[in-house]
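Annotated S-adenosyl-L-methionine binding site per TrEMBL: B:64, B:89, B:162, B:163, B:189, in sequence order.
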């Protein structure tokens, strides 16, 4: 009996010692915090937590340190954990609200401020923060409703291209007299194939020039194919550069007699997105009237942040370069009409009736997509499931039928969804899906496809192709799923 | 581990299998950092949240973890804690600590894995007080029995063994009081697929021969005969990782048969797409809001190529057939 008590006692003592040591570490961390040495503050809060992981105050304090170092995700996680340990810990709600504000999650922040105000009705600071946050939430809702654009300064204004120098050691392709030429494109494609980097000055030059010509295009581009002319329509390519090269191999390089239309989603997921987009932009500059690009839902900030393009650009170039890509993407046209008979767009049609081609022409597209209108063109899914999250939902054969009739069109071509055969014909031939990223994400085993359209009859002719090998590139810091092997 | 012998092909194959432990842990770590589910202990095994994983991978792991937890907890409740759990190929799993927090510990929780993995795990437990604390609290003395390849305490035990050498493993487990008389739950997550069907069949049969009241829950690939499955096998080959047990992963039926042919009373299997639909949908809606998934087809394909299969024998008539979805 006695020996058991002693054993229990020494276990208890070790426990108390641990708790005391944790407190000491916390004090140390607090001191560092006061001195604005946040890195060390975080370090010592972490050590304190290793000794005593059920202390809400440690999490809350570390959350604040993370906020100071702009690690808002970690700050949010710590605030949440503090509240999991002690849901009555008011500071925890504060911290979580602040983190959410920083992350732009104003509605979530508002909820927490509400909680604080409810528990502490006389706390002036809480009330003020609640009102401020509420104002922002209301303002954002208003902005969305009127869907108007605020003027933002362009990256172009702060770039000094003329004075950017290219080092002698750079042996890669350069624009000739500031222009893209056939030779430049051929050299560029080989350079990229060998996994080399285009000099940032050339990349900037391309982006600035592309932004200029895209901004002069309408949101609905209209082209006319003569009887003897044809065009090749490709779907999503998603950073699969080596498969893009294969398309050019199979179907010929772009030219005035071999026009192309790429229907969005050029970047993200695949880890060669930079190479894909610069190649496509290069051809746009070389053959502006015979090489067409439409915007996909992945030519947006939210997607680029999550699915790898932003990370890839930051790793290969800079954040500023990504900003410029973002601006250029905003100017990509949204739809293309061929011979007034065939309409091409990335996502699909609208859920409401009565949309006309004229409405498409009038869309103010130089922005990130809001939750309606422009969004459906980029986001619409064809078929079964309705997503409860945000903007994706279905459009059925009746919508297609009605839209085509009203606008005197024969059929639409869209992309956006992976198809095992690379393409799919639905709605009695009135809706075609084309997808040009074979073995998508190195996992799906699907074929890719492209469409030949002749001016003479506008009947779609499908060509399928399979994936080609690509270099085993290490995944980027912000993900691509290429080396995801599943759930092992 | 013998260090003088040449590094053979089979050593390379085993090394590739051990590497999957890191895949799983880092994916789980990332998913928890994003808030898919709560695991306060995984950070002590996997330092950084690491590279971002694609949303479909996070959702897939969510379904896996929730699905396995559901059955594990149902078994422990049905046996009222009067049971054992044996996690075969446990890796850096944190079940023990989370069960303890939830007051759902079995009489004893056993883990088995390769010596190198067990050594790592023991080292982590030794050096991280939040981990050892739970062990000490459930132990009758305040020093744990551990060396480089085993750790034993009253309620938790880790043993280094090769699952393909069933008798050796049984020996080691029995030394640490594995009791064939107690209702016992066997877990294996992406483990048997790395063994040949003969080897896994020996393991599964040993379990049914040795325990009269037991369950075996297995998570791994299924429907591997189609294009997606073939691509997965090719991708893994390129990493020197061979799915030696792919034949058993042909279909839900083949997953069930492996148990029925090895002495188990009854077997069932569901693909993860089905499991996903059977999980509490409110929480599923919550996690679907965490990250926007741009291509649902990717998740669907993934979920349709993994399954949970389970089998039981119920001499004590505990109603183990009720442990299901």
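Each position is counted from 1, following the chain as shown.
Glycine is treated like the rest: Cβ placed from N, Cα and C.
Here the structure is a predicted model, which means the values were calculated and not measured.
Overlay of TrEMBL annotations on the structure.
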residue	record	DSSP class
B:64	S-adenosyl-L-methionine binding site	helix
B:89	S-adenosyl-L-methionine binding site	coil
B:162	S-adenosyl-L-methionine binding site	coil
B:189	S-adenosyl-L-methionine binding site	strand
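Proximity to chain A, taken as a Cβ less than 8 Å from one of its Cβ atoms, holds for B:64 among the binding-site residues B:64, B:89, B:162, B:163, B:189. Residue annotation for S-adenosyl-L-methionine gives B:64, B:89, B:162, B:163, B:189. The furthest Cα pair among them is separated by 24 Å.
Neighbour density for residue B:189 (S-adenosyl-L-methionine binding site): within 10 A of its CB lie 22 other CB atoms from the protein chains shown. Per-site Cβ counts within 10 Å over the binding-site residues B:64, B:163 peak at B:64. With all protein chains in the displayed structure included, the most crowded Cβ environment within 10 Å among the binding-site residues B:89, B:162 is that of B:89.
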